[in-house]
């Protein structure tokens, strides 16, 4: 079955590929997921249909912290210890060489694959690199980005919330936009709900839906979060539901469309929970305290199962692929599938006694480029660079590392091989003493170091990539940096941000392959954070434009940080109406315009003069009657009235025969059947007519009134009906009261009575009989 699963995956890749290029939108119909095993440095493809291992790939040294991102059948393995990313092909399981798109990234490194690019994000420091989805080579230098949760929507737009500032960033078609202070600074998360981003402002206790097209935030929804409790948030993929797991033992379900967070399902108070995942109409919540998974039926809002998947106290992953729910212990071989009824099918990702058994490809992962400390060196990009590298050049002469003699000890040099020899002498044979006439090895060239910076004119809080090169001899294998502001770094390539403007001395000490060390330094001037100006003008006046610090005509320009996204809103005065946007907002429709201020931009708005004031009254076409319009006309024939503003108008509700007038809606609400209005602006009116009830005979009693005479009493609902009496087949004249009928019996002192009750809705009849008294 494992072989069959692998073959199936191969077929999917072939169908979805073209000319050797990676498939752009592969779907694993069998529900297969790549799972990490940090303990042994592997990722495993587990087929959810048969719960068997389809592939097992060594991607990192054992013990390194791993994370995996999946795009179709392809995996991107992130080594958060080494700061590298590798690609595992979903069809062949071939493993790419490790790349370090963001120098010095480690625990904060994550990968977010899209169709045409893999975004690598350092969510700890706030950096972003665009990398090729096949070889993971960076496309230019890393740039400053939001430090926090990052995710991607169905259109390929990358979203991230910076928990430090509450700023929301998004990248669409390579363009960065930042909307400032969407959430309170301090603690916020970003999740996808039904394909759109939602900011969960934990500090502010609210959820904010974001328009995927404009980046505009909607009105916030209050969340039932306590002041100090731990919160785990996630979203439904197919419904407008936000799942909030609270440490006090509750799963809160927020219906974002309805703005309601009232649904709550009880869990165990005080346990440690993970974020919920969804499959179908069931929600799965991992309980790390007990090693169980809570399964909740959302239709019935109750827990239907609590299967145990791991031993208590183990923090494990829950993830869903094509409706299949997987659990994974990243620090052991244990994993498996949880079925919707709570059945657990366990699987071993690798042989715990021999983790190398069954590996696809090479057992030992390729070593990434080395750097000192935990960082990894990144080779210079050969592709187009967003910011061309600039050189701050400072050379230095190499020096011998401290503690080593100034002159090499020639007795420690290896004995040269004789001509044609293929191997050194055996170690058991003593080496001949060096001849006094031997020629010493050539003196290594003095190194000349050069510091290369992605920009030599950085600004405060701008991420700068630095690299040290040797212009005379072998390249350095490691380096230690100081940046003049108390910060340090490691590796021949590194990054740094200076938080304040000023002049700083950058110093690097590089280690060469032969162990020698050489220092060099350079000064850099860091300028203040740049600003760009947004200017608004309103030719001819007629209203105001506000938003993002603009409140024109009083404040018509503002200086903003680059890439700031603002929403401008036009508001006409009493004598004008909405007109047209111009400048940077040209082409926008409606009262609002979203503009990203990446450079200085000008916006204009031209209001249109309001015509002679008119008022329109719209009448909803009624059912079961009509509305008579004062001055002529009736709806449903005429259901829209336009007259000069301030003109009085009278409406009369006229029900059909089988209806009664119930109430007005809109501008006539609360008035009787005749409504009086003053025409003003845009008004609407509706009338409700209710069907009358069909007649029901609730009482028919007939009895003798004496010799030869009887009487019948009738009761009906409703009271307003037409009554027809028939005695012994002959209609009774109308001189009787409709609800009381008196008549004589026939010769046999008996009478057969039929009464028929009618209204506009229906007609109903009932039969009865009566006997008259006899005698004189």
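Backbone N, Cα and C define each Cβ position, glycine as well.
According to TrEMBL, the protein has these features:
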type     : residues : note
REGION   : 353-449  : region 'Disordered'
COMPBIAS : 361-378  : compositional bias 'Polar residues'
COMPBIAS : 387-396  : compositional bias 'Polar residues'
COMPBIAS : 397-438  : compositional bias 'Low complexity'
DOMAIN   : 447-528  : domain 'PKD'
DOMAIN   : 695-776  : domain 'Ig-like'
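Across the domain 'Ig-like' (695-776), DSSP helix (H, G, I), strand (E, B) and coil residues number 0 helix, 53 strand, 29 coil. Applying DSSP to the domain 'PKD' (447-528) sorts its residues as follows: 0 helix, 46 strand, 36 coil.
Mean model confidence of the domain 'Ig-like' (695-776) amounts to 86 (pLDDT, 0 to 100 scale).
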